[in-house]
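Asks: I'd like to ask some things about the structure below.
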Amino acid sequence: MVRRPALLRIPALPRPPLPGPPAVLQTLPERFTSRLHDERTAAWLGMALGASFLTAFATGLVSHFLQHPPGWAQWPSRPVNLYRVTQGVHVIGGLATVPLLLAKLWTVYPKLLRWPPVRSAVHGGRRLLALVLVGGALFQLVTGVLNISYWYPFPFFFTTAHYWTAYLLVGALLIHVADEWPKVRRTVMTRPEDAVGRRAFLLTVAAASGTVALTTVGEAFSPLARLALLAPRRPGVGPQGLPVNKSAAGAGVAAAAREAGWRLTVTGRVEREVTLSLAQLRALPQRTARLPIACVEGWSAEATWEGVRLRDVLRLAGVADGARVRVESLERGGLYRTSDVAPPHWRDPLTLLALGVNGAPLDLDHGFPCRLIAPNRPGVMQTKWVHRLVVS
Amino acid sequence: MKARIAVAAVGLVLVAVGVRGIVLHVDVSGWAVWFVGAAVLHDGVLVPLVLAAGLLTRRLPGPYRGVVRGALVAAGCVSAIALPLVLGYGRRADVPSRLPLPYGRNLVVVLGAIAAAAVLAATFRLLRERGVGVERAGRGVRLRRRPRPGPEGGVRR
């Protein structure tokens, strides 16, 4: 329920002859007669929204620091599906947040139209905070939705803008939570006796979120793949039953990857440099691992990979236990031409230099002749078309 | 109180970190257009459309109003999220497994399912309303809980 500020209820006061705003502007908030525009609805939606955004922030940070690890961080290679889950929660949860945010903004919309726009310095500060919250939340959801659709109509680089805006949004969110805490506590803890149909409204919003989740979650949770009518990916669709993010042609490696002279070189801080042909790699002990490709865009799909253990190849060359390995692709450039493999990952027996997937040699688009596949790691770091391992 | 001040202080630090990162690493003018533009388009276009839908559905009979509005909320959210997929600007000829589905048709299927659920819910309500007519005396408390529909719309039950 939005009440007109008491100040405005004294029309008889003699006022300076300045032309005041039209009466319609001063009474706009009162024209919203739905009783769902009230504190209690806003509080419940706000709590759900706060939990959603904090979850997205945490899972987003996981994904960010996996790809840009600070010196002290040691990301484990197990559980195998951890990144798959955190990033799935980030993206599917983010999509399901859209109805929550829209409902919350609708609930508090009359506050936008209050007159006068700014009553005091504190009130002005709150309104600025609201702009940061509204702009930031919409910015994150809009850019996120566009990014997973591979549509980049904005003039900035998605990951950088999405990353830094997250700090701004969550910072504003924490200030907002601290500011509204007593109000939320009071309104949620008291039993309303006003017969406003909040429950039906909140259930409707939950149903909308549920519909969004249900029609997209199958891109990560393959038992529901057939329900993923509105997901940008579908497990099972792609060469060898596996989606592809970057094709060999798109990466400009189609010719180089098929060359008979392809060799895998292990170099850097090794006891002896090793060069292996594809036939020599196939002659090493072959292992099988059931591992997912878990993309930063939220989709993931499991496959059965065959190849040699990365640690077997590295031990052929003789490397220290604490060594770090840079895996290099045949690609000439691009952000993801190389990836770093820290000890927990290269020592893991599940980490393979895969030569085949799902019972056949790798498709060119899956990284033929040789690709990295490791547990609990973003898809962009499962380097394809590998030709060099540089140990440091 | 101390905890609230601490939370607000952490928030201020994060805001500062975010602003610094945006200024240093992002094209600020383009970013600002999208940041403020999103809020302006939401407040100036999307919400007025929702309010108009609330007005248009105001005259529906009580039992159906909430169902129709609920279906519109779900359908609107699903459509907004599916729009970039339906437009399909992200498709690439060399990566057919990217956006592989007929999203226009799929959106129609999902909207159809929402409509079907709404029809079911409305039928259920109709039947229940008829039943309530008989046992009205015994359920007076429940009936009193029904909110009054307002002129702006948005009251649902």
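Even glycines carry a Cβ here, placed using N, Cα and C.
Automatic, uncurated: that is what TrEMBL annotation is.
Just so it is clear, the model here is predicted, and its values are computed rather than measured.
Below, the features straight out of TrEMBL:
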TRANSMEM  A:41-67  transmembrane segment
TRANSMEM  A:87-107  transmembrane segment
TRANSMEM  A:128-149  transmembrane segment
TRANSMEM  A:161-179  transmembrane segment
TRANSMEM  A:200-221  transmembrane segment
DOMAIN    A:258-392  domain 'Oxidoreductase molybdopterin-binding'
Asks: Cβ pairs under 8 Å with the transmembrane segment (A:87-107): which stretch of A:128-149, A:161-179, A:200-221 has the most?
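Replies: The stretch I would name here is A:200-221.
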Asks: In the domain 'Oxidoreductase molybdopterin-binding' (A:258-392), how many residues does DSSP put in helix, strand and coil?
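Replies: For the domain 'Oxidoreductase molybdopterin-binding' (A:258-392), the helix, strand and coil counts are 25 helix, 55 strand, 55 coil.
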Asks: Could you tell me the mean pLDDT the prediction assigns to the domain 'Oxidoreductase molybdopterin-binding' (A:258-392)?
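Replies: Reported value for the domain 'Oxidoreductase molybdopterin-binding' (A:258-392) is a mean pLDDT of 97.
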